[in-house]
Amino acid sequence: MPMEPLILRHGGSVGWIEVICGSMFSGKTEELIRRLRRAQIARQRVEVFKPRMDRRYSETDVVSHDENALRSTPVDSAEQILLLADSADVVGIDEAQFFDMTLVDVCQQLANDGKRVIVAGLDQEYMGRPLEPMPQFMAVAEYVTKLHAICAVCGAPANHSQRLTDEEGRVVLGAADRYEPRCRRCFQPPRPTSTSSLKAPAPAATAPRPELP
């Protein structure tokens with residue numbers, strides 16, 4: 001089970017940032033919901049946010065791939081979170097990779113104001129490269145939890161999200177219809193689709209045949 005920092009009331013205490021990251025289908029949203037519900041049980045004031053563009057399962061709820069849901073507030077920008085989370089003890093943010101770098105500064109300010117901030121997001125894009133702003137969050141957070149899915153090919157722990165379509169956008173919304181988890185060995189980053197890359201490789205040079213007498 002992922003490590004979780006001790007839940008404390010924030011009356012006069014210093015806040016902190018928790019990061020939950022990993023590939024698709026690794027349980028990031030599920031873990032976020034679990035922590036937020038525990039905070040609610042502890043009678044803390046909880047506010048949950050997600051990017052408005054993410055309507056895959058619900059327009060308003062934070063929903064895991066297992067369809068576990070928690071009511072949230074969709075926002076268009078990170079700055080809105082500052083205005084809406086003023087009275088919260090605990091702030092949860094899902095799909096952080098769909099926000100810009102401003103979200104890091106917003107969460108820093110919330111933590112400095114004594115709030116517990118829990119951020120969940122994808123840490124790599126479909127090419128296997130770091131996906132902002134998650135690397136920056138991992139650098140400033142007090143607690144980082146890295147989750148793994150199960151490789152759809154071999155069953156090993158999966159750290160990558162394999163895109164199954166030909167779409168080239170760095171961020172393409174989707175679920176099992178567009179992605180599956182892959183381990184390092186089974187992950188195949190898409191190849192460039194430029195004209196030059198589609199040319200067949202030149203045949204290997206062969207030694208000349210000896211002349212017959």
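In case you wondered, yes, glycine gets a Cβ from its N, Cα and C as well.
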40-68, 185-213 - the one Swiss-Prot records as region 'Disordered': 185-213
Listed binding-site residues Gly22, Lys28, Cys154, Cys183, Cys186, filtered to Cα within 10 Å of Glu95 (active site, proton acceptor): Lys28
Rounded Cα-Cα span from Cys151 (Zn(2+) binding site) to Gly22 (ATP binding site), Å: 13
C-beta crowding around Cys151 (Zn(2+) binding site), within 10 angstroms: 22
